[in-house]
Amino acid sequence: MKTTASFKKMKQQKEKIAMMTAYDAPSARLVEDADVDMILVGDSLGMVVLGYDSTIPVTLDDMIHHTKAVKRGAKNTFIVTDMPYLTYHGSFNETLVGAKRLMQEAGADALKLEGNGDIIDTIERLTLAGVPIVAHLGLTPQNVAVEGGYRVQAKDAKSAKQLLADAKAVEAAGAFALVLECVPEQVATQISEELTIPVIGIGAGAGCDGQVLVYHDVIGYGAGHVPSFVKQYVNITKPIEEAMKQYVQEVKAGTFPDKDHAFSLKENVIQELYGGALT
């Protein structure tokens, strides 16, 4: 399994990092079989699999539950788990308890924190405590209400310079990697070039050191909105819908289950029980 040092070496050797989300054991197994470098158990699971409108309702217990499942499905892949909304903005002791549960109880290999200057101290203290941290800048879904919705960040010179400063600050604080979301390609490329830690983009162009996408978006699973930066490699929703409809039709018609999908007694047992053959 790769380590934090492995990812730094990949950047040095200009080898791109492939990261993908997973929220359960079966999807984690498929992602691992595809030789993905890193799995993200994102709090995006709130919208993707739990039916919420945002990541805000996702709890620490939710993240622990899903990280455990992913760990069981992908035992040999580095797993990064999101610390959910407001679990790292109170006292550091509370933050440390949550981090400990995600690492020790759930089995995460690293934790991801969203924010900018307000999380620098937390990153530094968690890193000193032995917790590997991935920082998340640009569009930060946990702060979407403050940021005014899901929109591209750092679109002007002032905000682009601030983003670069924030990126350098999280690196200095000890983060071993950085996720940049919904940032213009030129800005993300500059940040990737100026940082020594890997920069993983999502909607941030090809100049990043790696890419991350949501599993369900990539395979077209579900009816949710697919962001414009996502490349959908297959759409499995329609075949699933067709299979469900066919199942219902066959049950209603009495054609499922047929003899190929049912168990039958041996002839001598039928004779003993019922005194003759059954039709």
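From the backbone N, Cα and C atoms, a Cβ is placed for every residue, glycine too.
Between the candidates Lys8, Lys9, Lys11, Lys112, Swiss-Prot assigns the 3-methyl-2-oxobutanoate site shared with Asp43, Ser44, Asp82 to Lys112. For Lys112 (3-methyl-2-oxobutanoate binding site) paired with Asp82 (Mg(2+) binding site), the C-alpha to C-alpha distance reads 5 Å. Across the recorded positions listed here (Asp82, Glu114, Glu181), the residue whose Cβ sits among the most other Cβ atoms within 10 Å is Asp82.
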